[in-house]
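*Asks:* Below is one structure. I have some questions about it.
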Amino acid sequence: MDESGIRTRKESQNGSTDLTKDNKEVGLLSGICLIVGTMIGSGIFISPKSVLLYSGAVGPCLLIWTACGVLSTLGALCYAELGTMITKSGGEYPYFMEAFGSIVAYLYSWTTIMVLKPSSFAIITLSFAEYASTPFYPGCSLPLIVTKCLAAAAILIITSINCLSVKLASYVQNFFTAAKLVIILVIVGAGIVLLAQGKTENFSNAFDGTATSFGAIGLAFYNGLWTFGDRVLYPASWIVPLFVVFSTFGSANGSCFTAGRLVYASGREGHMVKILSYINVKRYTPAPALIFNGVLAIFYIIPADINTLINYFSFAQWFFYGLAALALIVMRFTRKDLDRPVKIPVVLAGIMVLVSCYLVLAPIIDKPELEYLYCTIFIFSGLILYYPFVYRKVNWGRQIMRPITMHLQLLMDVAPPEKTE
């Protein structure tokens, strides 16, 4: 049975001609919770230790956190203009397609789908696993196998939720976003109480031991941008790790949700295999894309620890963040005809590009490591596949994929989406 056969069968059974449209069930509240829940993830609980380690002292640590907030705001403004100007799904993918063409968009989708999104998913679920299992091993280190198995179980559960229903995934996101906002208010309030009680000894000689390394400061920014209990809450100290578990689970759910849409958009444009762009005809979710992202995430939790993943992730991610800001500048000149409901001063995008260049180059210049070389090689290795399968569209590739696509289509009960963009 081919694609049109499945579509015709489903349309005749349901009396509808738009069954395979990606069901848009994310309202305003759910959209806000998705953004907030994804932005406030595991980093705010994991990164303070690493930021303090790389910055060397409390004073520069606080300055770096402040600078990270300012930089994140600049990035948000850039994405506000891009997102309201180009309203297609797929994150940065359609921005790169409009500004730089097919090759750059393909390299972004190749790197993000194969490395960045699943490694981000893995990082967050590893954080979830550490906080969730710590209470069961008081006073001793966590067995690595327990952490990784729990992270894998979280990936399976979250992927299943997103495959079952867009609405269910939205409800999960709303609940866990509310939970993480509660714990952040608790932590901030506790800090204010301690300051009011005069406990300011950590601010004495706050800049002693400050790191002066060009690359160490960049790594501190990496962890800050990736973004307590016993001394403050006493017998109720269990509340903090519990809400951290909620926070990381919600962030992982948001990461899975957005990653699935990027894989789906890339498959729809022909930059990934076609089956990844298909939608379940009963539940209207991009199930193949979500499952693919989840399987890769499970592979990524096997070899690496959290800090290694964060540094590897941030190097490539900030390259594309800077490229997105550059795309905004380029389209100011090449796509003047596009409507811009939000328009920011172009100098802000320029600052974002410069800072991104610093965050990409600083750790490499200061302390070259093979992981950066591997990442660069991987990004450009996508061109090996781009030329025959995307640019030339070789027939033998299609002949190999056609029966595989057909069997997977029948197995997962999926069909091509109606193009609405």
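Each residue, glycine too, has its Cβ placed from N, Cα and C.
According to TrEMBL, the record shows the following:
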type: TRANSMEM; residues: 26-46; note: transmembrane segment
type: TRANSMEM; residues: 52-80; note: transmembrane segment
type: TRANSMEM; residues: 149-169; note: transmembrane segment
type: TRANSMEM; residues: 175-195; note: transmembrane segment
type: TRANSMEM; residues: 207-226; note: transmembrane segment
type: TRANSMEM; residues: 238-264; note: transmembrane segment
type: TRANSMEM; residues: 284-303; note: transmembrane segment
type: TRANSMEM; residues: 315-334; note: transmembrane segment
type: TRANSMEM; residues: 346-365; note: transmembrane segment
type: TRANSMEM; residues: 371-391; note: transmembrane segment
*Asks:* Does the transmembrane segment (175-195) reach the transmembrane segment (238-264), going by 3 or more CB pairs under 8 Å (6 or more apart in sequence)?
*Replies:* yes
*Asks:* Given the cut-off of 8 Å on Cβ pairs that are 6 or more apart in sequence, determine whether the transmembrane segment (149-169) and the transmembrane segment (52-80) share at least 3 such pairs.
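*Replies:* No, these stretches are not in contact.
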*Asks:* As a test: from 284-303, 315-334, 371-391, pick the stretch that has the greatest number of Cβ pairs under 8 Å with the transmembrane segment (52-80).
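*Replies:* Maximum Cβ contact count belongs to 315-334.
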